[in-house]
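Annotated features, as they stand in Swiss-Prot:
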type	residues	note
ACT_SITE	Glu86	active site, nucleophile
ACT_SITE	Glu177	active site, proton donor
DOMAIN	1-190	domain 'GH11'
Amino acid sequence: QTIGPGTGYSNGYYYSYWNDGHAGVTYTNGGGGSFTVNWSNSGNFVAGKGWQPGTKNKVINFSGSYNPNGNSYLSIYGWSRNPLIEYYIVENFGTYNPSTGATKLGEVTSDGSVYDIYRTQRVNQPSIIGTATFYQYWSVRRNHRSSGSVNTANHFNAWASHGLTLGTMDYQIVAVEGYFSSGSASITVS
């Protein structure tokens, strides 16, 4: 089922699809935890499937194809409240490393790769509570992949060791994000 921006449930999984109003995106919910997204000449969008709420110890499995042209990420993506945090465990990305310009805080080895840990800040930007100022936490995988398993606790514990704490978990999805780029992805989450 091809849908417009919004959130809801599809075949037992939570989905979230957001765009900035300038994104040429087609997002489709498939069976189970599957979804597809195609985009071209897009603005900014984030779309994917997972859980609401997420947890701090979930092992997330994902598989499929991811073919970006330009600035795009394939991530475990979510939010917490109190504190308001947007977080990414980046498994793959296109031409732009999302950590560019950020200060590296450390690294963690998990699920067959080293991930570099960063924190960035967003000022007066969209969030799950409306326009707000908040931190973003990042783990960026060095060995890119489009299928695998992610032990989220390894990342959250590593972040906490650097003072990056999460609050009450909100949604947690496997997400494709694009920023003024094009591409296609077909992902299944479990």
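The backbone N, Cα and C atoms fix where each Cβ goes, and this holds for glycine too.
The residue listed as 'active site, nucleophile' and Glu177 (active site, proton donor) are 13 Å apart (CA-CA, integer value). When Cβ neighbours within 10 Å are tallied across all protein chains shown, the highest count among the active-site residues Glu86, Glu177 belongs to Glu177.
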